Every structure is written in structure tokens, then in C-alpha cells.
Ligand code: CP
Ligand code: NVA
């Protein structure tokens with residue numbers, strides 16, 4: 001039995017397997033075929049934070065795969081009515097996979113520790129592995145290849161940035177991150193990745209132009225993530241100079257794409273011109289959440305056979 005708590009749990013070969021299943025299932029989906037690889041399997045979603053993309057993409061993919069899903073709302077009493085251990089051990093008796101979006105990363109870790117079924121991280125303060133899988137799939141889909149490409153992150157060294165760093169290294173993509181001072185990605189991430197892959201191409205800077213030079217994909221996220229709303233005004237000041245605008249996009253490769261995990265704040269981390277412009281792939285990227293999670297679930301639940 002496997003969990004997907006962070007991409008540290010997944011080897012480069014396994015990431016390739018997930019993306020290969022994703023591609024197969026997306027190709028069939030676009031041809032009108034929904035392959036029921038998880039008939040009768042049940043997924044429960046437990047979310048402590050808001051979500052559009054993660055929730056709907058998981059529910060839709062489970063339906064397409066022939067399984068069922070159940071969004072547990074407040075009435076389930078997660079964290080309130082009984083201990084987390086009792087909640088997780090009972091819930092996992094009845095379902096095959098639990099997707100958790102929690103405020104604290106430790107909550108997902110604890111749910112996994114007490115579950116007899118697979119647990120998937122649907123975003124924590126530390127990581128967003130499902131997002132990163134969809135993002136790397138999107139880059140490959142856009143360009144037809146991944147190896148040797150560069151992804152530039154401009155903004156906060158946050159949960160999404162951390163998962164992208166892992167995904168990039170596993171797939172041979174250079175990862176360059178530009179943050180304001182005080183918002184850097186935890187240096188332990190690069191240290192660990194360099195141990196796992198001595199050839200990993202990783203750079204951290206405070207200069208967005210340096211990060212995007214030679215990049216095939218320029219990626220940003222909100223300056224204040226969920227739970228950081230009280231810091232919003234301060235962050236707007238601190239992130240000055242880190243907005244992705246047409247000038248910054250022009251400093252990347254000429255065919256570079258713009259990416260954002262969404263939701264976005266036009267006028268803050270990205271201009272409307274870039275967000276809604278020809279280089280933006282954000283809608284396709286969001287749609288790929290569903291396709292990549294199909295690949296991930298089929299792999300995680302061992303339904304991929306020889307693929
Ligand atoms: N990108 C993402 O995870 O979106 P949601 O917060 O809407 O799920
Ligand atoms: N960094 C953002 C991502 C939302 C999908 C957050 O955690 O709110």
C-alpha cells in the first residue's frame with residue numbers, strides 16, 4: 001500500500017509511469033473513451049481549506065474511472081468529533097483512498113499513519129504534489145519533451161514551489177526560483193534533491209530576470225497563500241519587483257509558456273496581459289489536474305498492469 005504525501009515518496013521512474021498513464025488516459029478521454037480502471041473503488045475527500053480545482057478534478061476523475069467519491073463536509077467532524085486516529089482508521093475501513101487538504105502538513109502525515117488505505121496530499125502548507133504532476137505533464141504536452149528544459153518560479157518559496165522542485169529534478173528539468181529576500185524556498189529542499197540526484201540543476205536568486213533567462217516555463221503563484229491572509233498587505237510590499245509582466249516574459253525563451261496553479265490575483269503576482277495572453281496555458285494546466293490525478297490514482301491503487 002502506497003501514499004502520496006510529497007514527491008519525495010515517488011521515484012523518477014514512478015513519476016514517468018504516472019505521466020505515461022496520464023497521457024494514455026487523456027488521449028483516450030479526448031477520443032471519447034473513459035476507461036473504467038477503478039470500478040467500485042471509493043475515494044473520500046477531507047478538506048480543511050477551500051478548493052475548486054483539486055476537489056472537482058478528483059471527483060471527476062474517480063467517476064470517469066468507474067469509481068465513486070465522497071466529499072466529507074463539516075458534518076463529518078474531522079478534527080472535532082473524535083481523534084484523528086479514530087477518524088482515519090474508521091474511514092479507511094470503508095474507502096480505498098483518502099485525499100486530504102490540511103492546514104498543517106503533519107495532519108496528512110498523521111492521517112496516513114492511521115489509515116489502512118492510501119492517502120493523498122491534496123495540498124498542505126508544505127507541499128502540493130498533485131499540482132506538480134499536472135504541471136510537468138502540461139509542460140511536456142506543450143513542448144513534446146521535458147529533458148533539458150528550464151522552469152522558472154517567480155514569487156513565494158511556497159508549497160507549490162517545493163513540489164515543483166521535486167518534480168523537475170525527477171524529470172531532468174532545470175528549476176530556478178526567484179523570491180524576495182525572506183521568502184526563499186527552504187534550503188533543505190535543494191540539499192535533499194542534490195543528494196538524490198547529483199546532476200540536479202537548481203538555482204535560487206532574488207532576481208526574477210536571472211531566473212527566467214532561458215526558461216521554457218515561467219510560473220508564479222499568489223503572494224499570500226491560504227492561511228496567510230493577515231500578511232497580504234505586507235507581502236504586496238515585499239514582493240514588489242516580482243510581478244510576472246510582459247517585460248519579464250520577454251526575458252524568457254521566446255516560445256516560453258506562462259503557468260499558474262490558480263487561483264490568481266491579476267495585478268499582483270501577474271498582470272492581466274500575461275495571465276490572459278497568448279503565452280498563458282493556465283486553463284489547460286488546470287484541466288490537466290484531472291488527467292494527471294487519473295494517472296496518479298491508477299498507479300497508486302495498482303490498476304495500471306503492465307503500462
Ligand atoms: N490549484 C489548486 O489546487 O486549486 P484549488 O485550490 O482550487 O484546488
Ligand atoms: N500556494 C497556494 C496554492 C493554492 C492552490 C495556497 O497554498 O493557497
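Every residue, even glycine, has its Cβ placed from backbone N, Cα and C.
101 is the only one of 101, 140, 149, 235 that TrEMBL places in the carbamoyl phosphate site (with 128, 129, 130, 131, 261, 262, 289). Together with 221, 225, 226, the L-ornithine site in TrEMBL holds one more listed residue from 121, 159, which is 159. Put plainly, the binding-site residues 130, 226, 262 were compared by Cβ crowding within 10 Å, and the winner is 130. For ligand 2, the neighbouring binding-site residues among 130, 159, 225, 261, 262, 289 are 159, 225, 261, by Cβ distance under 6 Å. Confidence in the domain 'Aspartate/ornithine carbamoyltransferase Asp/Orn-binding' (147-300), given as mean pLDDT, stands at 98.
Listed in sequence order, 155, 156, 158, 160, 161, 260, 261, 269 are the same-chain residues at least 6 apart in sequence whose CB falls under 8 Å from the CB of residue 221 (L-ornithine binding site). Only 262 of the binding-site residues listed as 130, 159, 221, 226, 262, 289 bring a Cβ under 6 Å of any atom of ligand 1; the order follows the sequence. Long-range Cβ proximity for residue 129 (carbamoyl phosphate binding site), meaning a same-chain Cβ under 8 A and a gap of 6 or more residues, is found for 4, 5, 6, 7, 10, 121, 163, 166, 167. Here residue 128 (carbamoyl phosphate binding site) is positioned 12 angstrom away from residue 225 (L-ornithine binding site), judged by their C-alpha atoms.
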